[in-house]
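Per TrEMBL, these features apply:
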- 77-172: domain '1,3-beta-glucan synthase component FKS1-like' (DOMAIN)
- 644-667: transmembrane segment (TRANSMEM)
- 688-709: transmembrane segment (TRANSMEM)
- 721-742: transmembrane segment (TRANSMEM)
- 808-832: transmembrane segment (TRANSMEM)
- 878-898: transmembrane segment (TRANSMEM)
- 918-937: transmembrane segment (TRANSMEM)
- 949-973: transmembrane segment (TRANSMEM)
- 979-1001: transmembrane segment (TRANSMEM)
- 1021-1041: transmembrane segment (TRANSMEM)
Amino acid sequence: MFGFQKDNVANQREHLILLLANVHIRQFPKLDQQPKLDDLALTDVMKKLFKNYKKWCKYLGRKSSLWLPTIQQEVQQRKLLYMGLYLLIWGEAANLRFMPECLCYIYHHMAFELYGMLTVPSLLDSTHGGSYGMHGGMIPNPQFQLFGTLNFPVTETEAWKEKIRRLHLLLTVKESAMDVPTNLEARRRISFFSNSLFMDMPSAPKVRNMLSFSILTPYYNEEVLFSINSLERPNEDGVSILFYLQKIYPDEWENFLERVSCSSEEDLKGNIKLEEELRLWASYRGQTLTKTVRGMMYYRQALELQAFLDMAKDEELMKGYKAAESNTDEQLKNERSLMAQCQAVADMKFTYVVSCQQYGIQKRSADHRAQDILRLMTKYPSLRVAYIDEIEETSKDKSKRTGDKVYYSALVKAVPRSVDSAEPDQKLDQVIYRIKLPGPAILGEGKPENQNHAIIFTRGEGLQTIDMNQDNYMEEALKLRNLLQEFLKKNGVRNPTILGLREHIFTGSVSSLAWFMSNQETSFVTIGQRLLANPLKVRFHYGHPDVFDRLFHLTRGGVSKASKIINLSEDIFAGFNSTLRGGNVTHHEYIQVGKGRDVGLNQISLFEAKIANGNGEQTMSRDVYRLGHRFDFFRMLSCFFTTIGFYFTTLITVIIVYVFLYGRLYLVVSGLEEGLSSHPAIRNNKPLQVALASQSFVQIGLLMALPMMMEIGLERGFRNALTDFVLMQLQLAPVFFTFSLGTRTHYYGRTLLHGGAQYRGTGRGFVVFHAKFAENYRLYSRSHFVKGIELMILLLVYHIFGRSYRDVVAYVLITVSIWFLVVTWLFAPFLFNPSGFEWQKIVDDWTDWNKWISNRGGIGVSPEKSWESWWEKEQEHLYHTGILGTVVEILLSMRFFIYQYGLVYHLTILNNETSFLVYGVSWIVIFLILAVMKVVSVGRRKFSADFQLAFRLIEGFIFLSFVALLISLIAILHLKFRDIIVCILAFMPTGWGMLLIAQALRPWVKRAGIWASVRTLARGYEIIMGLLLFTPVAFLAWFPFVSEFQTRMLFNQAFSRGLQISRILGGPKKDRSSSNKE
């Protein structure tokens, strides 16, 4: 037996009714037509719903189970039953609903069973019927002649007086037209909106005739609404969120104080209503759920306004929309009133569902986020919240002492405020639907699973996926009807299935890093995606403002893939799936959605790491394999270079640098370079030098700025583009892009080699604050610092022993880009770190670093507290790798032994001795050094407490012995300083190579009982690397002008707007009355 849940039946019944009603209302019925369901609407919906099922039957050579009766009167009812059955199965199938072939298989057999049941006459009488008519009140009255309805003189109403007051204000305010509006964001929005009206866009139908659509926003546990406490709580630098916002948005803060009739921040305190206004003001300027919900609800507000303009009579138009809106409470009693009709049309056309995964848990734990979400539902009555409810029910098995966990997918709304209620503000939610799930809903990646469980509660023919860090604008919401008409236009041979939208990055107005990231993202979502959509036809789904053809994707696997690890970048797989199943993706730039981006280097790097990991998993996915096989040759190349190809070629670029330097190392240490340099064909080979020097422009990252320059030129003129390009170079944009090159290479390469991609939360806070040295070291040690030091050693060896290209110009042209790469990878995190060169911060960072590096790890100790815990976490990718990954890791680590093998023969004390015995002796020296380190480590652990004096004496003896040995070698064998440098360059990489091999062979090393020695050796290397990085930074911190230059370079955008960045960096605890240098 198989049955459907009551709430699922109710949910899908509403779904089907709204779907048919929206299609039916667009058929332009005549005024005298009876309110009954149109056959054309029914056929249209059925065709879309079963298109994939019919393809499935055709592919397998099966006959469809959609048998219609010969009696015409029964055809409509049979179609309704078939569509209802499909939606019921889709709603109950949980995770199976996103496997379209499985869904088709289940439906095929159940439709066959339904046909068998319907052949029994007694069952036909019991089927549910009903009529689906059109609301008579939605039919606009015929318009009368315009001049016949004019009333003069005009009746003095409140709406008319409001217009007069606004006109008087505009005419009497004394301001220059160049400064109206003064707010830069207002200017940008007005400019874009007015320009977009001249772009090609479809004509807008009436609201009742437009396509219906939904918005779905996944939410986990991000900030919903800033509390007063969080706004005023200072961080370690003494800066609160409110103080930060006041300094970044000074004009908006003044406007806010004027609106609430307060002269200062102190006047707001103690007044609950004003504090709520303050919380909202701050939340609308952060990356909060409140900001996202407000922006998306502009769609409904715009639809209400446009429905009013469509349906209002002349006298109602004269009074204005505000006058009609102000009588809402009185008109709620009258469902036939104009505003009630406008709201009904808007509700039928628009649905907004926020999937708050943890809402049930947050309610039970009295989390303030649950209260804030409820406040949003109360403020926006049409907002719906879906969540996963986890409860314990009594087990039917009496042998079990504990109950069974049962999971439900629930949809709630705020309890509607009754007009007759005595309570002015009711704070309750009401469950609309509650559908039992077969098990835990979060099996794969959290974010797509959060979307997938809530998709059954969406309605309409379009579905826009919006992320938590996005925003919308009222003027853009007015163009929604035009955008949805694109689904009805053929783009090529097919109708669009995904409408790509442009994004505006609203976080790029303060720091240089935010500006770089904003420009990079803007160029991608405009000129980049425009080219991908047309003519390349390889645009996919890259983020969350795109609008999906909901019925198309509902039957073809949904809008988000959720398999663990492989679908880390869940967005693009929806585009892959749509394209593979015959979809068509377009891009439209006359409408835009706001989007927040990460604004700190650490946040940006975590985001880049997540995207690189996702591209590594895409490279190994079957979707990319299928696209490569089914595209034609040219489209295949376009797909490669616009998806995984960018990361693959980036990896190849960095590998080429390694190959070039290791090739040079081999030529130098083997003596071949000296022989080749005397060859006439190679000695003065100018074309070869030019070819080697030309790659510097690629590695420095100048080409990364070209798309930005072109987009700025197209939108704001090429003079502005050139100015911005020069400013970007002065603010060290090549350093940022070259550093990002290392991030992408490391995480993409590691994912290809070992797998194990994971979601990295970047946070969405305000970042103009100092990051500690230990934090930067933890984040960039393996991805940048180790690789930068390795390249530096290679360049030093090449400089010491190289014989070719001794000419200064030739040497600089060939190696300058690699030296730039080294310096960037080693010191960019400190260069882009606010207050990174202030002496007091340096002292605090050194103390924190010492504490972190010396702390022991263990169970429950976080990587932020202990070096050992962090070191263990950094090797997690090796725990799950296969034999091939381990072998490749060992082979790659063998490169560090080349230094020792080649350099020991270049010591001057050996007098050109080339015997293999020299190499053997060098290994003996390495093992002696390791043995001494082991003895000292064991002695410190066992005897330093009880026999401290004796142990110190032994340490002193070992040190004096080492000094005596060094002096003897200098006196007897004439050891030179260069030989000491060569020994360091030879032995240090060897020890690191041994360390990497030991980590790859961890299980065997642990069995051998030498894992503690490996950890001690690793700690020693970390200390050396830390000193190597910290010393130049500390030295530069001695000079005050370095810190001033860094602040100006980092926050030039803010300085140009006159913002008081030094106050933010210094904090409000300092004397604010002191004059600022800016």
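Here the Cβ of each residue, glycine as well, is placed from N, Cα and C on the backbone.
Automatic, uncurated: that is what TrEMBL annotation is.
Contact check: the transmembrane segment (979-1001) against the transmembrane segment (918-937) gives at least three Cβ pairs closer than 8 Å, residues 6 or more apart, which meets the contact criterion. Same-chain residues lying 6 or more positions outside the transmembrane segment (721-742) and placing a CB less than 8 Å from one of its CB atoms are 512-513, 515-516, 519, 601, 604-605, 608, 650, 653-654, 699-702, 704-705, 708-710, 712-713, 783-784, 787-788, 820-821, 824-825, 828-829, 831-832, 1049-1050, 1052. Here the domain '1,3-beta-glucan synthase component FKS1-like' (77-172) returns a mean pLDDT of 70 for the predicted model.
Counting only same-chain residues 6+ beyond the ends of the transmembrane segment (644-667), those with a CB under 8 A from a CB of the stretch are 612, 615-616, 618-619, 624, 673, 676, 695, 698-699, 741-742, 744-745, 748-749, 752, 791, 794-795, 797-798, 802, 818, 821, 895, 898-899, 902.
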